[in-house]
């Protein structure tokens, strides 16, 4: 047997697919959709369930006298007209019995019946009902499926009189009693309240008077009809023969039902074997049926195998209809339409208040499945209509179906944690309506150039909230943009956090620790350490003879090759000197003395063991002398003072010793511990004594040992881009031994060592501790002062270099430019107050480029002009630099480099300004002048002269003419003037349009002369007024 799909079975049974799916779920078979297939055993089980006592869907086609016609009603139909009608009866034929009205009264307003009543007694109805004459059936209606009709309520305790038992149509969908409310089954409310239900009188299914239904429109569940009823409600008067009323009349509030398991709780009379009332199907779907004999069986009796998966519960507390089990008024899981107390699957007009398959135990008038009045909560509950007796319309739910308790949702007590969280949320800081976490002084560590997203991750906040806060604080920042340290600190203070910016050294240490690399410590024990040469840095003021001293020591002439006679790079050299009969090696590092090279001097002091402070005997202590002294003290290195130029006229070494005493350097002859040596680098005097002092200081106060067997570590002294060699770097090996072929990482550059050169230009195979070498093979030019590391793999070197580059890039982004607030940005742009000078810097060495960039960024010529360095690099000016300058209107600065190849021709063709410098202070002075040229000119008022009005002449052509005597200065034509009267300004910004002396037009009148002045259209002048003339002259800046 082929597999059958769910929708095919639904079509065969004449029901909707969701009804079959719900029944399958009740049977424990779960399907995904209506297109799912099911196995043959499941089909048989479903067929037995639907044709058995649980519902007779699909059997109506086999009934005689009724054509099979599937007419499933949509759940959202607002009227019972969607329900099928019975086959057209002939006059005198038994009419189908309408279903009883849904119960909408609470569960216990009327007393339950103690047992079966022998004879039903007629009870007075609340309002008379006009019987419908049979003559109204003028034409038979087309055959339609029978639909259960809600029956009007009857008072509890009153039983209907006996009725004849003609054949009547079976209830929709094969509905039969016995499975609902009371009856012979226990576990439901009816069984608890009244024991076994009495048999229904045979006259229950009697036809209406006249034997035919009215031919008019069938009463529908119109939610907009008056009187709180959804059908065509009629007064509840007794009808002849006790025939049931048609229509969906709804019970009045508090009106008890006559019998059965509704809210009244009294058992209903039973007629023979055929049970009265429509029995619900699993979906509450009607189906066509033929009239059935009154005493005939109403279908298979229910059996325990048709019970739901969970035992039916007892009466549920609260209003919910008189049904059993989780379904409220209907059968558990199968609340069919038609019987009182149960809502249908699709919300057919069912019993009052009870829940269907997933109906919530609702109060009187609870929301039905399709929003029908009085219906219980259906499978797909629709909002009930308002205005029903017993309270406003509710909404169907699923509380009764899956084990959740019914009744209104209760608000549980909040835990201490919830209450504390709510309290903390109320106390949290708020900026501009944005709630922020409370820091309570907690420390947050962030790296340089961190973004708001990084900050939000640290404090478990939403980055969008931080962006909104920054907008309220007047800063335009995106979530992923690098933010300056000051901005982050401002934001942290708003939330009561303590922000800690990680230093570059700490960042680098954490980065290396992530790769299990330690920098700055010797490996091995004491036995692995060997002595190494001392590293000596020569520091001092510019032109005090530092490089000349090194030339004297090395017996070379470096000074002759330096531009401007000043050192602009760090040079590293190693010399051998005989001290006390022993050959000792000393490594010297020459640092610049110009003020622009502060960073170079700081790096030289950090990478050294001993500092030689060179002071000219004729100049004494100078600003850079003090700065170099402070660098050495900060690096905690011993200092040897070399008093140079003792052979120059006016030299006074004693004065130098006295000046340095003020800064904590006390000579040994004055009782201190600092060695002073008087030398002459030019004459070569006392050079050996200076080297001896250096060696003695190193031996006395320093432990100069290192492990040569470990991986090399060092520092980059200087780097540049060589035309034939590529990126090269002068490095000082501090520990370990550097060999050719080692994988190294220097700052954000990495590579393999292809070659090494010493300070004399000779190739070397390895370099031990305290040895300066020139390294070739790096991917790019590293920065001066970057650490050198030897790693095991190229991949590790690349990862370290890339992370360092990204970190530095973020830090640069955070430092770039001047940010404007939301309030003043628009005005600044409109007024043209923001002027930028774009620069591209190219130099011969990384240290020189760094020094030039630092000096230019420190230029301050006002807030109106800003320097923006678009690019900096080492090497010649290339075509890409010219292209960048063309697109951004930038100036290219070449420091000790020239334009290469076609770059110079391209610069001339594109009109790019390329400036070349060899001395750093020349570049700084010219850039400062260019910045001042970008400033808006400032004007000042200059008084030219004053004239007193002695006479007034009137002219019909020119107006009033003032006859004046010039008191001071001179009065010129077409200059600005103001009119003073009794020392007060009467008129401003006047123009001297005419100037005459007697009858001649003149351009100026000097002091002491008379003349005539015409002030244009201004005629309000009087005798003794003073005319003061002035002009606006441009004021020089800076």
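Glycine is no exception: its Cβ is also placed from the backbone N, Cα and C atoms.
The GTP binding site feature in Swiss-Prot is assigned to 540-547, 590-594, 644-647. According to DSSP, residue 540 (GTP binding site) is assigned to a strand segment.
Annotation source Swiss-Prot lists compositional bias 'Gly residues' at 261-277 (among others).
Annotation comment: Swiss-Prot describes 319-406 (among others) as compositional bias 'Gly residues'.
If you look up Swiss-Prot, you'll see 531-703 marked as domain 'tr-type G'.
The region 'Disordered' annotation in Swiss-Prot covers 48-426.
The region 'G1' annotation in Swiss-Prot covers 540-547.
Taken from Swiss-Prot, the feature region 'G2' applies to 565-569, supported by similarity to another entry.
Mapped onto three states, the DSSP output places residue 646 (GTP binding site) in coil.
Along the region 'G1' (540-547), the predicted structure has mean pLDDT 80.
Within 10 Å of the C-beta of residue 546 (GTP binding site) there are 29 other C-beta atoms, taking all protein chains into account. When Cβ atoms from all protein chains are considered, those within 10 Å of residue 646 (GTP binding site) total 19, not counting its own. Counting other C-beta atoms within 10 Å of each candidate's C-beta, the binding-site residues 540, 543 are led by 540.
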